[in-house]
């Protein structure tokens, strides 16, 4: 099959981006339709590439033996690009109702398309230089989404953190380049001698911190906390599919496809990385428990759950890495459902604080039913998809003797239950008690009919993604088998 097919899922979103911006008279519906069509073409191309099972590689630019920009796709790239594209499509469907009232919504759709192309570019990158280029493209294409209709400077903070992270990444690339000019992604990792370990360790730490800023790892998480104030569709994709997941994906790439498991052990960076991941888990979970605003609670939950993935990555154990990659998929799916539900409740009833969720489940049973399933999944109760990944992580921690890591994961699961289940209980087992109902009877909640669900596009997105989460939990073998094939090739 023609190698140019690799470029289709990257080029199409950027063509859509340019076309929407250039057509000054384009209205909301047409911009949404073009963006959605582009996403469908992208997922079709990705699935065709996967189905063909050909070893494709497309060289974009080459100057000298090692300075080259090229794309290809391996199994982990297949997994991440498919995940990002599917969640992107559902976010776009969901945003149809939510974004309709926003001024300049077509600009949102244009940059949203560019963000998809950048993310797929990260997944398809054949070497470190190519991934770094797409990293910066993702930063600049998602900045307008972060800043859209926002007045508190969160977009600027995101840009600052991302660019500073980019500087660290470039510094890390330079450090590694002095030892190994060839920085193609390969499971064998770089070749080195004993005297080169220090410079390689410095390069790894710089890259780890740089991509950690993108992944909202503590202490680089404050930009993500402010993203809760952005419009829900943008915030959802920020949390669950594009930026933070791209940062995690990049950390997996450099850890196992640049440095390799053997070098990571030799450099003795494992304990530092796991400690930072554990701090991220606990800080995110404890802070989520204290937040009254539901979107802010879910935002800090995201920070904590991403720490789970990093613990799995840096235990340097095949079962732990399997659990980490599974949680990359499962958390993205679960969290986007939770954020969609929070946005739907706010859009329909104007409620965003946990204390105001009383009775919401009686007015929006489908939405809060999906929220409840996703909450149970994130806690890790069987037979949900969240249980599958957390089971791998906890058992791998115990089997490898890292009982502190296992304890951190179990404490976080308890905290997850503590900050999510009250929302479920309040929504289904309490009646509305807000001041509008008590004092004036003019609560938006009371004025609504018995059914306050959003329109078809929103409900369809919620139900379809919830069904997928349940299916993965009940029948996990296909996903587990695919992830196990990825892990078997990284030299653990």
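Including glycine, each Cβ sits where the backbone N, Cα and C put it.
Among the features that TrEMBL reports, transmembrane segment is placed at 6-22 (among others).
Look at TrEMBL and you will find 34-52 (among others) tagged as transmembrane segment.
Marked as transmembrane segment by TrEMBL: 76-95 (among others).
The transmembrane segment annotation in TrEMBL covers 107-138 (among others). Listed by sequence, the residues of this chain that lie at least six past the ends of the transmembrane segment (107-138) yet keep a Cβ under 8 A from its Cβ atoms are 6, 9-14, 16-17, 20-21, 31-32, 34-35, 38-39, 42, 46, 57, 60, 67-73, 77-78, 80-81, 84-85, 88, 92, 95, 99, 144-145, 148, 166, 169-170, 173, 176, 183-185, 211, 214, 231, 233-234, 237, 241-243, 246, 249-250, 253-254, 258.
Summarising the annotation, TrEMBL assigns domain 'NADH:quinone oxidoreductase/Mrp antiporter transmembrane' to 125-416.
Residues annotated as transmembrane segment in TrEMBL: 158-177 (among others). Tertiary proximity for the transmembrane segment (158-177) is limited to same-chain residues at least six positions away from its ends with a CB under 8 Å from its CB atoms, namely 128-129, 132, 135-136, 139, 142-143, 146, 183, 190, 199-200, 202-214, 220, 222-223, 226-227, 258.
Taken from TrEMBL, the feature transmembrane segment applies to 198-217 (among others).
If you look up TrEMBL, you'll see 237-259 (among others) marked as transmembrane segment.
Under the heading transmembrane segment, TrEMBL lists 271-289 (among others). Non-local neighbours of the transmembrane segment (271-289) in the same chain are 205, 208, 212, 217-218, 221, 297-308, 310-311, 313-315, 402, 404-405, 408-409, 411-412, 415-416, 418-419; each lies 6+ residues outside the stretch with a CB under 8 Å from one of its CB atoms.
Under the heading transmembrane segment, TrEMBL lists 325-346 (among others).
Residues 301, 305, 330-331, 334-335, 337-338, 340-342, 344-345, 348, 360, 390-391, 413, 416-417, 420-421, 423-424, 427-428, 453-454, 459, 462-463, 465-466, 469-470, 473-474 of the same chain lie 6+ residues outside the transmembrane segment (366-383) yet bring a C-beta within less than 8 angstroms of a C-beta in it. Positions annotated as transmembrane segment by TrEMBL: 366-383 (among others).
Here TrEMBL flags 403-420 (among others) as transmembrane segment.
Residues 87, 90-91, 93-94, 96-98, 329-330, 333-334, 336-337, 340-341, 344, 347-348, 366-367, 370, 373-374, 377, 382-388 of the same chain lie 6 or more positions beyond the ends of the transmembrane segment (454-475) yet place their CB under 8 Å from a CB of it. Marked as transmembrane segment by TrEMBL: 454-475 (among others).
Long-range contacts of the transmembrane segment (403-420) within the same chain: residues 274, 278, 281-282, 285-286, 288-289, 291, 297, 301, 304, 307-308, 311, 315, 338, 375, 378-380, 390, 393-394, 397, each at least 6 residues beyond the stretch ends and with a Cβ under 8 Å from a Cβ of the stretch. Counting only same-chain residues 6+ beyond the ends of the transmembrane segment (198-217), those with a CB under 8 A from a CB of the stretch are 135, 161-162, 164-169, 171-176, 178-179, 190, 192, 223-224, 243-244, 246-248, 250-251, 254-255, 258-259, 263-264, 267-269, 272-273, 276-277, 280, 302-303, 306-307, 310.
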